[in-house]
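**Q** Got a structure for you, questions after.
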């Protein structure tokens, strides 16, 4: 496999350094995807608050500017996604996909849940990382491709962040005056943002699921080994989905959401104790930190979703 440094002489540690660079670039693309998701959802929720006078406190909380915190969020998430191995990232993607299908079926045809979009943040980052790892495996210029993907993802995330800032600062004025094209477009078609996110996430997770299954199966030498891994995994994930559905019906708020994160990662930890490797155990703890970081960062948006 060739990368950005493939033309350099073989020096001790050089391959490890380029592998680390590739991991950081993959993590950056995943973090930018999460940033775009949060920015678009923030735009949608802010517009909903503007149209509801009783939700002024939520509107002011979302309009608060925290540029350093946004940058820190991207940097921390990039590091977390770079540290998480492809095996655990693939398991996180498959677990969320099963949970998302169950939630959508329980909501009914045509329904959507803004909360589900926020809960998928870390899983989306893992999915993008898995997809890139699978699609670029063996590519002649892997690092250059990742650098280009990171640049494009960063540009998209920057424009989405600017859109969110513009809406939070000027949407009320511009939508009344009708002289800003962006705000007029959002006034007319802002209700379609959830549908746009739903279609984009469905495509992203479809690719990520295929990549996740392939990344996991390549570690098995025989069908028997695969069966011994997938059987307890399926049972574990089914029980987790049933538990979380019951939990979500009984209560709402940040506490139950954080509790389900701990339960999910705890179940994955116990599973990998029996069928995983010691590095997988470490990556589960890193994933727990990533999930909690994403939920704490989007606390204001989660509160708005629960009150919607």
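A Cβ is built for glycine as well, from the same backbone N, Cα and C atoms used for every other residue.
Unlike curated entries, TrEMBL annotations are predicted automatically.
Straight from TrEMBL, here's the annotation block:
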- 1-17: signal peptide (SIGNAL)
- 23-47: transmembrane segment (TRANSMEM)
- 68-94: transmembrane segment (TRANSMEM)
- 114-136: transmembrane segment (TRANSMEM)
- 143-164: transmembrane segment (TRANSMEM)
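Describe the structural context of these features.
**A** For the transmembrane segment (68-94), same-chain residues at least 6 beyond its ends with a Cβ under 8 Å from one of its own Cβ atoms are 20, 23-24, 26-28, 30-32, 34-35, 122-123, 125-127, 129-130, 133, 157, 161, 205, 208-209, 211-213, 215-216, 219, 233, 237, 268, 272, 276-277, 279-280, 283-284, 286-287, 289-290, 293-294, 297.
Residues 3-5, 18, 21-22, 25-26, 28-29, 32-33, 35-36, 39-40, 42-43, 46, 70, 74, 132, 136, 182 of the same chain lie 6+ residues outside the transmembrane segment (143-164) yet bring a C-beta within less than 8 angstroms of a C-beta in it.
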**Q** Restricting to the same chain and to residues at least six past its boundaries, which positions have a Cβ under 8 Å from a Cβ of the transmembrane segment (114-136)?
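**A** Result: 26-27, 29-31, 33-34, 37-38, 41, 44-45, 77, 80-81, 84, 86, 89-90, 92-93, 95-96, 100, 103-104, 142, 145-146, 149, 194, 197, 201, 204-205, 207-212, 214-215, 257, 287, 290-291, 293-295, 298, 301-302, 305-306, 308.
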